[in-house]
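Step one of this worksheet: look at the structure below.
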Amino acid sequence: MVYSALLLGALVAVPAFGQTFRRTAACPDLGCVFPPDQTDFIAGQTFDLRIEVQAPVNGSEAYNNGTPDANFSLKIGGQGGDLVDAAQFFGLSDPEVEKYNFTYYEDLFAEDAKAPTPVNVLAKSYRNLQLHNPGTYEVELSYNNGQTTKATWTVVPLADCKKAKNVIFFVGDGMAGSMLSAARLLGHKTINGKYQSKLALDEAPGYGSQMTHSLDSFITDSANSASALFSGKKMTVNGLNAYTDSTGKAYGDPKVETIFEMFRRIEGGQVGIVSKAYIADATPAAVCTHTSQRSQYTAIIEQYLNGVAGNYSWFPWEGVDLLFGGGGENFLPGPGNGNVSQFDRWAEYGYQVGYTKTELEAFDNAQRALAIFTQGNVSTWLDQNVYTDLLDLAVTPQGKRGARDQPGLKDMTLKAIDILHTRAKERNTGFMLMSEAALIDKEMHVLDIDRALGEVLELDDTVRATLKHLEEIGELEETLIVVTADHGHGFDVFGSADTKYLQQQNSDRSKRSAIGTYQNSGLSAYQVPQDVLPTNHTIFPSPQGDGFPVTWDPRYTIAHGWAAIPDHREDFEVNKDHERVPAVKNTTGYFFNPEDNQRGFAMTGNLGTGEGQGVHSLVDVPVYAFGPGHELFRGVMNSPDLAFRVAQALDLGRSSNVTTSYRK
């Protein structure tokens, strides 16, 4: 809670303005403190502290003709003790005062009227700080002749013991629990109501759920949600391990250290990143980069290699041990990177560089590695394994069609484990790996349910293979595995659809008669060949192995839907020759794509006409854990809790500043 000396007056006379836009996130008063009130820290976790004193020129919060109070001060101390000047508390010189201004709209009416509110600001940033003693701390910003903004911070207790040497953190991007239920239905057969096999995740000894909302919005994006998982701090939308200040700049915002960075700094451990997205995307970037704008792809690639630029005062970072994924367009020479090939640059830093599955498999496990397989995202599991002609359309990192020699998530993850294990064993350290099933989210956005569920099943297969591989290399008993999502989508299955009947109907209303609900939904037809009824008790093998459908194109498919949709047509059939584009833009916004699902029925959207895809939802997402420390991940959690529980399992908390040299 943020306290104000004028709280009583605020309760009596609340300003009449909206919340679509924010003057500054997590700053309800004119004095801002970042990290904000109710922030928790791991003991010894590095962070920046920033304060702002703002003075709107006009609008409902207008103050002093837009002149901020220059006589502001910041104090900090243990709860119940005396507060001292912040610079004195941290043993720093008092930072210089920044002066600038910005504008914003108070609400949609102000935007329509083109009536922005200018705001003048005075600010200070205290860089590269740590708190080592567990307990609560009081922070007090005084300004405007007696007004105060207060924050209470908590440093959590140190762990009693180290439970795990290694951590593998799987993220199913966008993976709601309903998607796992649907994936189970597609990939596993029931006989008389009993599944004959289960998802690997169903066997997790640690199971819970976590809330995904962000600092300033109850619907999150992947940048701040992944940052919460990896740093233990709720961020603003689009922010990567940095609180978004009011400058509007991508850099200089107050940063916070992630558990991956702490692990490297404190133990000199090995860190790897795997994703099927373009590798500068939000979730992989949240492992160890810092910016308030997730779109800073060139800088994100640079931070993977060299860390935060020195003018923002952060600890040294000497590069990830491995980086596997898509996104070759961000490595090619261009104006943003000084027309320098980042592939060549990483090779000069001593990395093995590869572009295909074949080259990935040939990597020396003792050396650091960069492998980028496509220009954009890596191809979906469905395209790699079932509708493989679509790989002719996939683009190589260098921009050529026909990227056929691509690895899947399992290939990348197992090779990453081998490299990290080998390097950690040589250095007597542990390792941390983040592996992201990124395309669950990408395909859910475009309402391509079959490809999305293929990605869910691939993630489950990867977890199963990871457990087996860790046992084979002797690391299973020392490795904590956490599997969760950064957020969900409002998706669920509500019945079945007779696609043959639907195709032959002539009107939208008659096509809807093909949907069967309750007893008419029947059994899963994905676990039998196309000419066999789902009531057959025979367990048929899948061409792609255990845990995958026997067919992806049955007559009776799942009938599914989303809470938030653009205009589109739905036929419930797999798209065999393309990935979906449900809506296209015309002069009035997004509208039904005339080329998509032409045999389906029209579904009018419920999103704004400026939205051409589905969006994220509020739903809590599941958490699964295996290995030492799995018991920490039971029950209902908030997303930052996962970072603290991983830190507890690794015993990352420190009562003094610790930095260990890292061997490349």
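Cβ coordinates are placed from backbone N, Cα and C, and glycine is handled just like the others.
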Write down the one residue from His290, His616 that TrEMBL lists together with Asp173, Asp441, His445, Asp486, His487 as binding Zn(2+).
-> His616
Among the recorded positions listed as Asp173, Ser222, Asp281, Glu436, within 10 angstroms of His487 (Zn(2+) binding site) by C-alpha we get Asp173, Ser222
Protein Cβ atoms within 10 Å of Asp281 (Mg(2+) binding site), excluding its own | 28
Euclidean distance between Cα atoms of His616 (Zn(2+) binding site) and Glu436 (Mg(2+) binding site), Å | 17
Hey, of Asp173, Asp281, Thr283, His445, Asp486, which of those binding-site residues are within 10 Å of Ser222 (active site, phosphoserine intermediate), Cα to Cα?
-> Asp173, Asp281, Thr283, Asp486
Near Asp441 (Zn(2+) binding site), which residues of its chain come within a Cβ-Cβ distance under 8 Å, counting only those 6 or more away in sequence?
-> Asp173, Gly174, Met175, Ser222, His487, His489
Which three-state DSSP class does Asp281 (Mg(2+) binding site) fall into?
-> coil
Mind giving me a neighbour count for His616 (Zn(2+) binding site)? Other Cβ atoms within 10 Å of its Cβ, every protein chain shown.
-> 22
Determine which residues of the same chain, besides Asp173, Asp441, His445, Asp486, His487, His616, have their CB within 8 A of the center of the CB atoms at the recorded Zn(2+) site, and list them by sequence.
-> Gly174, Met175, Asp221, Ser222, Ser225, Ile440, Met444, Ala485, Gly488, His489
How many whole Å apart are the CA atoms of His616 (Zn(2+) binding site) and Thr283 (Mg(2+) binding site)?
-> 15
